[in-house]
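Student: This is the structure I have questions about; it appears just below.
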Amino acid sequence: MDIKKGIYIAVFVLFLCPCLGSAGDIVHRDNNAPTRPGCENNFVLVKVATWVDGVEDIEYVGVGARFGPTLESQEKHANRTKLVLADPPDCCSTPKNKLTGEAILVHRGKCSFTTKANIADEAGASAILIINNRTELFKMVCEANETDVDIRIPALMLPQDAGATLENFIKNSSSVSVQLYSPRRPLVDVAEVFLWLMAVGTILLASYWSAWTAREAAIEQDKLLKDGSEEFLNMEGVGSSGIMDINTTSAILFVVIASCFLVMLYKLMSFWFIEILVVLFCIGGVEGLQTCLVSLLSCFRWFQHAAESFVKVPFFGAVSYLTLAVCPFCITFSVIWAVFRRISFAWIGQDILGIALMITVLQIVRVPNLKVGTILLSCAFLYDIFWVFVSKWLFHESVMIVVARGDRSGEDGIPMLLKIPRMFDPWGGYSVIGFGDIILPGLLVAFSLRYDWLSKRNLRSGYFLWAMSAYGLGLLITYVALNLMDGHGQPALLYIVPFTLGTLLTLAKKRGELKILWTRGEPERPCPHIEHQLS
């Protein structure tokens with residue numbers, strides 16, 4: 001298909017993609033909710049395992065209160081306790097039923113949360129489960145004028161539907177038991193290791209493809225130059241076919257355009273808008289997968305004739321027979337993913353389409369020198385920090401994280417992410433990374449390899465090995481920070497950009513080549529005018 005169409009699709013998808021590495025929050029630090037001694041717990045998610053008449057039933061999720069003791073983190077150490085209903089239901093006065101260590105299920109009422117917990121504690125309950133009057137969870141805090149906050153039993157809130165289900169079981173004379181615990185995430189999950197390998201591998205493949213293309217173009221130019229061909233002179237000032245170089249202006253505009261798209265996603269986030277993003281992602285994925293497959297298959301001599309034979313197709317122009325053969329498969333693959341994207345293993349198809357799209361973008365879009373790369377990554381660095389951290393002050397929530405999770409859309413996140421299910425995480429969920437966290441630093445890494453190949457340097461004396469290692473280390477630090485922050489979303493470029501860009505700038509300065517990399521970005525080549533005159 002027409003390569004320019006692929007460029008526009010790929011770049012458009014690039015602008016849509018938020019930069020984020022996240023595993024989902026299980027510990028919620030809230031600086032707005034008041035804290036004081038005895039009322040300073042973090043809001044943690046709590047698993048509520050249930051048994052009805054001795055048979056294991058649904059496991060619910062609640063949220064722990066600011067007050068009371070912390071819950072056991074390991075299921076095997078958590079006590080299994082009988083659950084009873086409060087009488088009166090709101091537990092704003094002493095229960096009529098005698099308690100001997102049971103957990104008590106109560107409704108939200110006129111009295112405060114701490115009053116309910118104190119009454120349940122004095123009545124002999126071992127824990128208090130408060131049913132919210134809405135489907136979502138609510139953070140239970142201490143009132144400003146309360147003094148009796150030395151609560152000795154754990155308290156947690158259940159969503160309305162979960163509480164109603166448990167209440168109906170008890171009212172129907174069923175025996176209900178609960179087990180409360182709040183497991184911690186493992187320090188490192190295998191999913192993060194695979195996600196790291198996928199991100200590094202994507203940049204590695206794209207860089208070698210970009211460098212190979214640049215070297216082939218340089219060899220072709222050298223041949224034309226030696227032959228004194230007029231064709232070379234006619235090519236002067238024209239870039240490689242299908243290649244789009246980013247300039248300083250477009251690097252700066254990236255932040256403005258990307259921010260506008262991000263705000264639009266945030267404001268318009270809904271089910272139908274996610275559907276539009278899925279369609280755009282599928283179009284970009286088809287283009288990327290087709291480009292990668294055609295390039296791969298054309299390396300084999302069985303497919304070379306089909307790759308070099310063209311037929312004219314209306315609207316698309318000249319299209320190779322190999323492209324025509326591959327295209328139906330790519331479209332079918334993309335459509336199948338879109339239709340079945342909600343099933344458990346659909347992340348595999350999303351990652352395949354995403355990686356193919358990113359490799360194609362890194363092949364098509366290039367930074368011509370270190371100056372443009374520095375401006376682009378510096379702008380992306382500020383963009384990432386602003387929309388993950390600073391936007392909380394303006395919108396009362398992190399715009400980047402809300403968009404990446406697909407809040408208010410009914411979908412499990414937007415499609416412009418690489419994702420892998422967390423395999424040994426008791427809370428489940430996915431480890432994810434935004435396309436921008438791979439594409440933007442990948443542009444600089446690919447530039448370093450193109451420079452090394454065109455200047456005929458080996459890995460040890462070049463820049464690519466250093467840039468690739470810096471990216472891998474920066475991404476590793478991102479996941480370390482992510483785990484230290486209990487799964488809170490982190491702007492990956494906050495860590496990746498200083499490592500990658502800082503390494504290249506420092507190394508170029510030390511070698512005395514900063515000026516060449518900064519302005520020209522390519523090793524010196526013979527002047528075509530002089531060569532033509534000498535011939």
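Cβ coordinates are placed from backbone N, Cα and C, and glycine is handled just like the others.
Pulled these features from TrEMBL for this protein:
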- 82-166: domain 'PA' (DOMAIN)
- 1-23: signal peptide (SIGNAL)
- 193-211: transmembrane segment (TRANSMEM)
- 246-266: transmembrane segment (TRANSMEM)
- 272-303: transmembrane segment (TRANSMEM)
- 315-339: transmembrane segment (TRANSMEM)
- 345-365: transmembrane segment (TRANSMEM)
- 372-390: transmembrane segment (TRANSMEM)
- 427-451: transmembrane segment (TRANSMEM)
- 463-482: transmembrane segment (TRANSMEM)
- 488-508: transmembrane segment (TRANSMEM)
Student: What residues in the same chain, six or more past the boundaries of the transmembrane segment (427-451), come closer than 8 Å to it by Cβ-Cβ distance?
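Tutor: Distal contacts: 13-14, 17-24, 26, 45, 183, 185, 189, 191-192, 195, 199, 202-203, 206-208, 210-211, 214-215, 246, 258, 347, 354, 357-358, 361-362, 365-370, 373, 376-377, 380, 384, 404, 412-413, 416-421, 462-464, 466-468, 471, 474-475, 478, 492-493, 496-497, 500-501, 504, 517, 521-523.
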Student: Which of 193-211, 246-266, 315-339, 463-482 has the most Cβ pairs closer than 8 Å to the transmembrane segment (345-365)?
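Tutor: Counting Cβ pairs under 8 Å, the winner is 193-211.
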Student: For the transmembrane segment (488-508), what are the same-chain contacts with Cβ under 8 Å, counting residues 6+ beyond its ends?
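Tutor: Answer is 19-22, 25, 27, 29, 370, 373-374, 377-378, 380-381, 383-385, 387-389, 398, 400-401, 404, 433-434, 436-437, 440-441, 444-445, 448, 463, 466-467, 469-471, 473-475, 477-478, 481-482, 514, 517-518.
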Student: Between 0 and 100, where does the mean pLDDT of the domain 'PA' (82-166) sit?
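Tutor: Within the domain 'PA' (82-166), the model's average pLDDT equals 90.
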